[in-house]
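Visitor: Supplied in structure tokens, the structure appears directly below.
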Amino acid sequence: MMMIIDCHGHYTVLPKAHDEWREQQKAAFKAGQPAPPYPEISDDEIRETIEANQLRLIKERGADMTIFSPRASAMAPHVGDQSVAVPWAQACNNLIARVVDLFPETFAGVCMLPQSPEADMTSSIAELERCVNELGFIGCNLNPDPGGGHFKHPPLTDRFWYPFYEKMVELDVPAMIHVSGSCNPAMHATGAYYLAADTIAFMQLLQGNLFADFPTLRFIIPHGGGAVPYHWGRFRGLADMLKQPSLDTLLMNNVFFDTCVYHQPGINLLADVIDNKNILFGSEMVGAVRGIDPTTGHYFDDTKRYIDALDISDQERHAIFEGNTRRVFPRLDAKLKARGL
């Protein structure tokens, strides 16, 4: 029996008190005052937000499990400094842990990181360790541009990131490369910034040789890999011009794309261009695009329909829906095996 595992979910409709505390935290930082205590949020409040949104859609669309992380647009590491980013990340990750505890058969946790633009990765390493070792999380979201749309951080191949990669390898967890909200008025967050960052991340990796130093490091580039599959020939050609090995050798044992692509022709192209072993089912439901496609009558983000419609073998479909995700997230695989799955 095949499981349908969605590798890309965010907690986008949250208890009101959580969002209110965030606004209070930001206001307190601006005023030079300590943030108020985090509010008490009941299990029932969490259940209400999940049952009315992600859990309902998971059941309606025929999936089994979602890998769940904090709301991407609200990670906002560019707000404040480490005194803001660390407690915010902890609060968001703790909320994800509570969702997983309430619905352990349906959700697995992935953490956000307190990546203030001026900070090194020390606090992020500590939060990753806490979330994996204490909360049972299976991965993280790594922001390649904590400044929010100006791309001033070193490329992902730079040694700035190496201490964090070392911890990822030690814990055997992957990272989804995921930016947050845009503070650049020329760059719409979900329509421009997300897709640009996905593409930029891939090109950064192409220009270096990161996986020679970290052969077991694993990255998921979301939103179908940005522009990469559509311009696969360009990237193959650039690798050749830069005297790099082929993409299959240089990157594609370590880099994976999800299926957060919101129309059938786009998914068809992804599956045609990218090797089956590198594609993970994802939807980012109740996320960037929440409406119904008037040409199909179905939600744009109901990506399972697109995978179901692909002209591929049952074995290839199983790999996209389950097998690849269990391979990329070995801690999830261990949890499922412990349940006899």
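Just so you know, glycine gets a Cβ as well, placed from its N, Cα and C.
In case it helps, Swiss-Prot gives these features for our protein:
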ACT_SITE  E284  active site, proton donor/acceptor
BINDING   H8, H10, H178  Zn(2+) binding site
BINDING   R71, A72, S73, Y194, H223, R290  substrate binding site
Visitor: Give the number of CB atoms, excluding that of H223 (substrate binding site) itself, located within 10 Å of its CB.
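Guide: A count of 24.
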Visitor: Output, ordered by sequence, the same-chain residues six or more apart from H10 (Zn(2+) binding site) with a CB under 8 Å from its CB, or 'none'.
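Guide: For H10 (Zn(2+) binding site), the qualifying residues are F68, S69, P70, R71, A72, E284, V286, G287.
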Visitor: Give the three-state DSSP assignment (helix, strand or coil) for H10 (Zn(2+) binding site).
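Guide: DSSP call for H10 (Zn(2+) binding site): strand.
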Visitor: Which of these binding-site residues has the least crowded Cβ, counting other Cβ atoms within 10 Å: R71, S73, Y194?
Guide: S73
Visitor: Round to a whole number and give the Cα-to-Cα distance in Å for the pair H8 (Zn(2+) binding site) and H223 (substrate binding site).
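Guide: It is 9 Å, counting Cα to Cα.
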Visitor: Let me know the DSSP-derived helix, strand or coil state of R290 (substrate binding site), please.
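Guide: DSSP call for R290 (substrate binding site): coil, neither helix nor strand.
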Visitor: Hey, how far is H178 (Zn(2+) binding site) from Y194 (substrate binding site), Cα to Cα, in Å?
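Guide: With the alpha carbons as reference points, the distance is 7 Å.
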Visitor: List nothing but the one residue from H8, H178, R290 whose Cβ has the fewest other Cβ atoms within 10 Å; the candidates are the binding-site residues.
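Guide: So among H8, H178, R290, the binding-site residues given, the one with the fewest Cβ atoms within 10 Å is R290.
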Visitor: For the substrate binding residues given in the record (R71, A72, S73, Y194, H223, R290), what is the largest pairwise C-alpha separation in angstrom?
Guide: 16
Visitor: Using the Cβ centroid of H8, H10, H178 as the reference point for the Zn(2+) site, which residues of the same chain not in that list have Cβ within 8 Å?
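Guide: Same chain, not in H8, H10, H178, Cβ within 8 Å: G9, S69, A72, N141, M176, P222, C260, G282, E284, G287.
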Visitor: Once the DSSP letters are reduced so that anything not helix or strand counts as coil, what is E284 (active site, proton donor/acceptor)?
Guide: coil
Visitor: Write out, in the order they occur in the sequence, the residues of the chain not among R71, A72, S73, Y194, H223, R290 that have a C-beta within 8 Å of the mean position of the C-beta atoms of the recorded substrate site.
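Guide: The surrounding set, listed in chain order, is H10, T12, A189, T190, E284, G287, A288.
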